[in-house]
Every structure is written in C-alpha cells, then in structure tokens.
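Peer 1: According to TrEMBL, the domain 'CobQ/CobB/MinD/ParA nucleotide binding' annotation covers B:5-226. The annotation ATP binding site is assigned in TrEMBL to B:K11, B:G12, B:G13, B:V14, B:G15, B:K16, B:T17, B:T18.
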Amino acid sequence: MGWLDVFRSEKKGSAQHAKERLQLVVAHRRSGHDDQPAYFPQLQQDLLAVLRKYVQVGDDAVQMEIEREGDLEVLELNITLPDSKH
Amino acid sequence: MAKIIVVTSGKGGVGKTTTAASFATGLAMRGNKTIVIDFDVGLRNLDLIMGCERRVVFDFINVIQGEANLKQAMIRDKRVENLYILAASQTRDKDALALEGVERTLNKLAEDFDYIVCDSPAGIETGAIMAMYFADEALVVTNPEVSSVRDSDRVLGMLSSKTKRAKEGADPVKEHLVVTRYAANRVGKGEMLSLSDINDILGIPLLGVIPESETVLNASNSGMPVALENNADAGHAYLDMVARFLGENRPMRFTEAKKGFLDRLMGR
C-alpha cells in the first residue's frame, strides 16, 4: 500500500451493489418465475381465501404451475390439506 | 447461404443501431457481401446513422408488401464496397411486418449475400421478435448499467424461446455479448459494472467492448459508421469485434483506464 493511499476513499464502489442486485433478478427470471401470468399471485391469494372458509391452511398450501406445450397451456393446481383428525 | 445476425438489446439507447451499422460496415470492409436491415418500423434511424437518408425511396415494408422489389429498395453504400442498406418505413405501423413476408425477403437476400444484419427495435414486442426470429447468431448490446443488463437477460430468454431455431428445436441461436459505452476509469473506481461482472451475470461470451467515446456522437452527426473512423478508439474496437466474429484472435483493448500523471505519481 502506497503512503498516499491514506487519502483514498475506503468506500466500496456502487458497482458491487449493482452486481449483487442484478444476480438476484437474473436468477429469478432464469428460474422461470417470470414466465407466470400477471394474475397468478392474486389468483393464489383468492384460492387461499376460499379454502380458509372451510379449512385452516398455511400460506404455502396452494402450489400453482403453468405448463406450456405448443399452443396448449395447462394450469396445474396442487392443494395440500392439513392432516385431518378423526 | 447467408448467415443472419440480429443486433438486439431490449433496452433502447444502448447503441444497437450504432453497433449494427459498424458491424455491417466492418464485415463488408473484409470483403463479405453484407446487408443491414432496419426492423424499427415507424422509427427508422439506421439510414441516418449510415448517412443515406436522402437516398431512401423504397423501404423494407414496400418490399414485404410487394410494392417494390429488393433491387429498388436496397441502397448501395457509396464508401464501402459490398455494403447495402434496407431502410425501415417511417409511416407504417409495426404491424406491417409479418413473419411470412420477412421470411420471404430474408430467403431472397440469403441467395445473394454472405451476411444479413438485422437491426432490432428496442422493446420486446412484435418488431423485436421479428428481427430475431430467423437469426443464426445474436449480438446482445449491453451498457454497464443495471437496467440494460437486466433487459439483456430478458432478451436472452427470448432468443432461447421465441426464435425459429428455438421453436424447431434446432441448434440454439449463438449469442455474443457486446458491451458499449464502457468507461474503464469509472470501472477502476468501482462505480461501473466491470466486464467480468457483466459476464458473471449474463454468462455469454464477450465479443467486443466499445469504449465510451465522443467519436460516436460525432460520427452519427455526419452519418458515418464509427467503424470508418480511423483515428478513434471506438472505431478500432468495432473493427476488432468484427475480426473476432470472423474467427481471429484479438485481445480486448480499451478495457484499462488511461493513467494520468497523478496516477503514475501515486503508483496506481
């Protein structure tokens, strides 16, 4: 380290921050979550609300996937019910 | 059979048209018969950057719609042999581009040319998809800046899902990263994403780095592709990029900050 380094700023550059943020958004897109229709999150919330009229379920009880094959789109719903007590 | 290359980016204003113009110019300078096509229907600009705006009589849309033939619409560059331009229409809207018409025109050009360079419009709508649909290779133009990098990633997703090669399950479109407006001194200070940062994020091979340069604006002012500027870093960087594209091994230049007197004194 040169003696003049004392005058240099020790602050980490903003580029590092940019890189970390970009790595997150890019990973998110590449995982396929960006491909969902815009109404997906709301639909998921609505389904949860309906379910909760009848059973107590957690936030992750409704899993949804869109499968695309050619022109065909299939919405796959997977609802996990809590263990029922007899 | 011609090779079709799309110059794309998602984000606007990053240097797509500048890159398409200089890339096509560079290919032609090396003896390849090359045509560069403006896909930005309604917002044509390639003709201005190439300096042939006053010679446009018929355009790409006229050809697609059968109102003119290719010979009438192609503009031969007056400076570089083997270089042709096909302008976009300024009056039609972007829906005038239809996949089938674009394919017919590209097939016709492919009989005669070595390289067809498609200058994509910004965005991710019809025009951008048309420009990339038939591509064999893609230059993804990116600025070292967050919104540009993210949009480039989005475009990479489209190249691997919305192109003809993707739909037919052929070999994927070969992707090349072109970083423009690179300011090595700011990268040195940690203020700008570095080449390796962008590479880590996007994960595609780097074809060229074009330094931030006053020459680019000056060249566009006078309708001169930057690649024809003999005394400019940016021009040399574009010619290097073309040479790499053609298989030559050229080290990246203009990626280190120029050292000033103070830097030397301080041992930086």
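Every residue number used here counts from 1 along the chain in the order it is shown.
Glycine residues also receive a Cβ, built from the backbone N, Cα and C atoms like all the rest.
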Peer 1: For the recorded ATP site formed by B:K11, B:G12, B:G13, B:V14, B:G15, B:K16, B:T17, B:T18, which further same-chain residues have Cβ atoms within 8 Å of the site's Cβ center?
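Peer 2: Those within range, site residues removed, are B:S9, B:T19, B:A122, B:V141, B:T180.
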Peer 1: May I ask which residues of the same chain, at least 6 positions away in sequence, place their Cβ under 8 angstroms from the Cβ of B:T18 (ATP binding site)?
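Peer 2: Non-local contacts for B:T18 (ATP binding site): B:I49, B:T180, B:V216, B:S220, B:V226.
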Peer 1: State the three-class DSSP label for B:T17 (ATP binding site), counting H, G and I as helix, E and B as strand, and everything else as coil.
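Peer 2: Note: B:T17 (ATP binding site) is helical by DSSP.
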Peer 1: Over all shown protein chains, what is the count of other CB atoms within 10 A of the CB belonging to B:G15 (ATP binding site)?
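Peer 2: A 10 Å sphere around the Cβ of B:G15 (ATP binding site) contains 23 other Cβ atoms.
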Peer 1: What same-chain residues, at least 6 away in sequence, bring their CB to under 8 Å of the CB of B:G12 (ATP binding site)?
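Peer 2: In sequence order, B:A122, B:G123 meet the Cβ cut-off.
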Peer 1: Over the domain 'CobQ/CobB/MinD/ParA nucleotide binding' (B:5-226), work out the mean pLDDT and round it to an integer.
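Peer 2: Mean pLDDT across the domain 'CobQ/CobB/MinD/ParA nucleotide binding' (B:5-226) comes out at 93.
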Peer 1: How many neighbouring Cβ atoms, not counting its own, are there within 10 Å of the Cβ of B:K16 (ATP binding site)?
Peer 2: 28
Peer 1: Name the residues of the same chain, 6+ apart in sequence, whose Cβ is under 8 Å from the Cβ of B:V14 (ATP binding site)?
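Peer 2: B:V14 (ATP binding site) has long-range Cβ partners B:V141, B:T142, B:N143, B:S148, B:T180, B:R181.
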Peer 1: Let me know the most crowded of the binding-site residues, choosing from B:K11, B:G13, B:T17 and counting other Cβ atoms within 10 Å.
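Peer 2: That would be B:T17, with the highest Cβ count within 10 Å.
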